[in-house]
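Asks: So that we are looking at the same thing, I have put the structure below in structure tokens.
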Amino acid sequence: MVVAVITCGSKADHNVSFDKNYHVTWGNSHVTSVNQGTEVHLRMDKASGAGFESNVGYASGFFQIKIKLPNKDFSGVVVAFYLTSDPDGKGGNHDELDFEFLGSNGPPFTLQTNVFANDEGGREQRFHLWFDPTSDFHTYGIVWNQHQVVFYVDKTPIRVFKNNTKIGVSYPSQQLVIQGSIWNGETWASGGRKIDWSQAPFVASFVGFGVTGCQFQSSDSKDQCYISSPKLWWNGDKYLGLDPAERKALQDARTKYL
């Protein structure tokens, strides 16, 4: 059994080009690549937003990217980075792990996370970020193994979703592709505030297109992506749960910013 482990620049590597692991899926005219393809700008105006997707799907991994949000009033605009088993939006019993940045006119800046498993959602949690995400890049990451899902902002864990299938709770287990996008969410994202189109275009910047994950080959072989090994280090003991320092950081983040 051959397992494809994609480690083309781990830890949201700045030096990996977009084309290595991703492709544009919509809004092609609203996507700009700079710095030899290592930085991509997604632009939204009245005509369109834009989105991209990983070239392959995954069965486990530690997925990270660096994002800088539009540095203006972007109320009503949503910038997203997420994993989904339903990249074409066809519906059905899909799995999904979301970061969604909800547009605003200055602080507080709201980050919404969500977990879908077997199409069961309703698990939205919102955080007020403790920094200005429009002034510089910050790293947003998701660990996904067969023990837990952990959402990280920079190195701070902000949310944990444990695998509790033994007690009947659904857990993400399908092939997931990585997506990023910018789009019009004014009907729900910003407390009813409409998009100020005089501020357009709205530009979200993405850096760090390395992917550290185990490529999904087939349903019959996906268990090979769950083993612990030096190549599949996100399945190892360190990621079975949070260590004491991480647990305290998680508690602090949730007490202050949830």
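Note that Cβ sites are derived from N, Cα and C of the backbone, with glycine treated the same way.
Sharing the feature lines straight out of TrEMBL:
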ACT_SITE  Glu96  active site, nucleophile
ACT_SITE  Glu100  active site, proton donor
DOMAIN    1-206  domain 'GH16'
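In the displayed structure, how are the listed features positioned relative to their neighbours?
Replies: Cβ environment of Glu96 (active site, nucleophile): Tyr82, Leu83, Thr84, Ser85, Asp86, Asn114, Val115, Phe116, Gly121, Pro172, Leu176 lie under 8 Å away, each six or more residues apart in the same chain.
Over all protein chains present, the Cβ of Glu100 (active site, proton donor) has 19 other Cβ atoms lying within 10 Å.
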